[in-house]
């Protein structure tokens, strides 16, 4: 009896466990309250209209991006970074870029939809402290890219790029391209090589090593990191041409054992390596064959004909014309060349492309233009011609016009005064300049 009472007491003291819920259960229709609120306040209409407008705008701007522009254009007589509608080029597809390369650069080469920023590229310029390289660096910096200059300063000058030293997007490395270098980049402009007879004849073995081993190293870098590679070759690959004007399909007439062969054959070999990497390793490559170029920042005593004539006229020395003065050359202003290089890099054609001004001058005519510009009383002095000096040189730029939409804009009489102004400042403003003038060449 007692045990029954005890058990009943325990039953009374321990009530049945009730179901426990941390939060009260809400009916299912509570989940649609936000939708009902949006409908009541008509906010859904505004959201849908906004999405429709954004989609329409993006579609319109995407359709207009079927062009491959150079984001900035140059007013060659006023400066860099000028925006121009003429810089937008129709993209004629020759070979589609690799998926790896396009994934790296994104839409950096085309028009950017409204509200989206252009992707900043990491670009290396070998020989970027030199004459042409420094002008190219100016354009790339104006475009907003991160630029790395690689130069051994054999012919380059720090003064050419000093104005970028405080820019966080600029980096300069003292390095010789005959030695390998590891960098993470999207594009490689390979300009490193002595380009004047005085410099490449000074050390011909070093010149051909720069052309061959240096190009090999830069192509290897492009292969490893998936960068696009642009080789600056030269009109010297045509040698003393038997075809005039020269087209890209002409194979040339080069002396392989002459005093200029270290440069001529070196560039021909560099083109071979570039195409072998393109065909064998699927490297994105571009090849430019550059004709005679002039402008500010040229070396004063580098032995090239324009710089020699200008320096001699400023120093009141006779203008030295070699041979009978009937040899012909074509001269392009440096801003025209830089524009062509950038269009080639951003385009979809491998090349090679002739980049030069088809306006042809004899050496005697050039000397007279320099006389008119600097000193009408300057004398002209004739001397024996140099070895292996080509008799004629004129580019056929039909291919560049059709596929790149490029042609030079600056005439010789327009660009020469800008070069004279720069030379005048350096010749008379720097007392350390050597007053002697090296022997001229029609390079």
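Heads up, the Cβ atoms here are built off N, Cα and C, so glycines get one too.
Other Cβ atoms within 10 Å of the Cβ of residue 263 (active site, proton acceptor), summed over all protein chains shown, number 26. According to Swiss-Prot, the active site, proton acceptor annotation covers 263, on the basis of similarity to another entry.
Look at Swiss-Prot and you will find 151-176, 263-267, 304 tagged as NAD(+) binding site, backed by similarity to another entry. Take the CB of residue 167 (NAD(+) binding site) and look out to 10 A: across all protein chains shown you find 12 other CB atoms.
As annotated by Swiss-Prot, substrate binding site applies to 260, 292, 305-309, 322-329, 389-393.
Residues or ranges marked as N-acetylalanine in Swiss-Prot (evidence: similarity to another entry): 2.
Residues or ranges marked as topological domain 'Cytoplasmic' by Swiss-Prot: 2-43.
Per Swiss-Prot, topological domain 'Lumenal' is recorded for 65-443, and the stated evidence type is sequence analysis.
Residues annotated as transmembrane segment in Swiss-Prot, with sequence analysis given as evidence: 44-64.
Under DSSP, residue 260 (substrate binding site) is assigned to coil, being neither helix nor strand in the three-state scheme. Cβ contacts within 10 Å of residue 309 (substrate binding site), excluding its own Cβ and spanning all protein chains shown: 28. Nearest by CA distance to residue 309 (substrate binding site), out of the binding-site residues 151, 159, 167, 171, 265, is 159. When the Cα of residue 263 (active site, proton acceptor) is compared against those of the binding-site residues 167, 327, 389, the shortest separation belongs to 389. Counting in whole angstrom, residue 306 (substrate binding site) lies 24 from residue 265 (NAD(+) binding site) by their C-alpha atoms.
Within 10 Å of the C-beta of residue 163 (NAD(+) binding site) we count 12 further C-beta atoms, all protein chains included. Sequence-distant neighbours of residue 392 (substrate binding site) (same chain, 6+ residues apart, CB-CB distance under 8 A): 241, 244, 327, 328.
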